[in-house]
Structures are given as C-alpha cells and as structure tokens.
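Student: Below you'll find the structure I mean.
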Amino acid sequence: MKSLLLLTTLLIPLHLGMAWSAKYAVDCPEHCDNTECRSSLRCKRTVLDDCGCCQVCAAGPGETCYRTVSGMDGVKCGPGLKCHFYSEEDDFGDEFGVCKDCPYGTFGMDCKETCNCQSGICDRVTGRCLDFPFFQYAAAKSPSRTSASQTERDAASGDGNAVREEIGDRNAARPSVMKWLNPR
C-alpha cells in the first residue's frame, strides 16, 4: 500500500509538470484547426499564438508586448526580439514591456537559442553565422610601397603649407552659425 501511495505521489507532479511546461494559454482547443485561424498575410512578421495553433502578427522592435494574451495580434515579439518587461502592470493587471533585439550571442524566439559561430555574431532571427566581408576586403587591399607611382610620391612630398592654406580657405567660407541636423 505504501509503495502504491509513493508511486502515485511521484507520478502526479511529473504529469502535471509536463502539462504546465508545454504552454501557458487560456481557452486553447484540444486539437488545432487551421480553419479557425485568421489570415496573417498583412503581417510583417508572424509567430505562433500561445496555443501553438495559428500564426498571428508579431510585435516589432520598440513595440509594446505582453506576457501572454491568447489569439491576439501584435502582442508577442517576433523572432530575434525579446520582450523586456516593465515593473508595473497595465490597467487590466497584465504584464507588458517593449520588444528589443536579442543580445549578441543569442537568437530566435525570445532569444532562447545560443549562437555557436566562431565570431560569436549570428543573425538574430535565423542563427546563421555572420561574416563581415569588408574586413576581409580591407586586409586584401592593403597598400604596398611599390604601388605608388613617382608622380604620386612627388605630389605627396613637401612641407604641407599648400594643404594648410587650402583648408584655411575652406574654413573661412563656412558660416559661424551652428547647423542642427535632424536625428535619424
């Protein structure tokens, strides 16, 4: 009798743990039916809803996100983004935040995947390793001493007075009023 009680005590939390860890959502159907899903063609990016049945619109960088709201568009962050939650709740008592890029070295939904690239830099959405060809191009095109012609070397020699005078003339033509640039 004791062994049956012990076995039951051990198996019930295991079964409940698997059910709770699978997903947290309210009013999910027992079986998914794609005909019940709304169209997500107008969305820039999509994610699975909390039930794991339908594609819904995803929130983008800088947009508001919520902990969990079943079947609603634009409340979960898209791939390569993570919801950074605020300490307060909204008027309905729901936790909310803002979508931000995954930190370097992570990627995927909620930034749960780890980048295994040699450089440690990967695409935040797909996890594909990124290489920067401009560094390789610059190293391959390093100047050599024999590439400059005699006229280029002659033009580069001198005391530099002509260059200073030319820069001084350009600065004199500028107005002294500070110009404000629009932010990007």
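Numbers here mean position along the shown chain, with the first residue as 1.
The backbone N, Cα and C atoms fix where each Cβ goes, and this holds for glycine too.
Pulled these from Swiss-Prot:
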- 151-172: compositional bias 'Basic and acidic residues' (COMPBIAS)
- Cys28-Cys51: disulfide bond (DISULFID)
- Cys32-Cys53: disulfide bond (DISULFID)
- Cys37-Cys54: disulfide bond (DISULFID)
- Cys43-Cys57: disulfide bond (DISULFID)
- Cys65-Cys83: disulfide bond (DISULFID)
- Cys77-Cys99: disulfide bond (DISULFID)
- 24-102: domain 'IGFBP N-terminal' (DOMAIN)
- Ser157: O-linked glycosylation site (CARBOHYD)
- 145-184: region 'Disordered' (REGION)
- 1-21: signal peptide (SIGNAL)
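Show me how these features fit into the structure around them.
Tutor: Cβ contacts within 10 Å of Cys51 (disulfide bond), excluding its own Cβ and spanning all protein chains shown: 16. Cys51 (disulfide bond) falls outside any helix or strand according to DSSP and counts as coil.
Around the Cβ of Cys53 (disulfide bond), the number of neighbouring Cβ atoms within 10 Å comes to 19.
When Cβ atoms from all protein chains are considered, those within 10 Å of Cys37 (disulfide bond) total 14, not counting its own.
Using a 10 Å Cβ-Cβ cutoff, Cys43 (disulfide bond) registers 15 neighbours. The DSSP secondary structure for Cys43 (disulfide bond) is coil.
Cys83 (disulfide bond) falls within a strand segment according to DSSP. Cys83 (disulfide bond) has a Cβ environment of 22 other Cβ atoms inside 10 Å.
Look at Cys77 (disulfide bond): DSSP puts it in a strand. Neighbour list (Cys77 (disulfide bond), Cβ cut-off 8 Å, at least 6 residues apart, same chain): Val47, Ala58, Ala59, Cys65, Cys83, Cys99, Asp110.
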Student: Summarise the model confidence on the domain 'IGFBP N-terminal' (24-102) as a single mean pLDDT, whole number.
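Tutor: Looking only at the domain 'IGFBP N-terminal' (24-102), pLDDT averages out to 83.
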Student: Treating G and I as helix alongside H, and B as strand alongside E, what does DSSP give for the domain 'IGFBP N-terminal' (24-102) in helix, strand and coil?
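Tutor: In the domain 'IGFBP N-terminal' (24-102), the DSSP-based counts are 3 helix, 27 strand, 49 coil.
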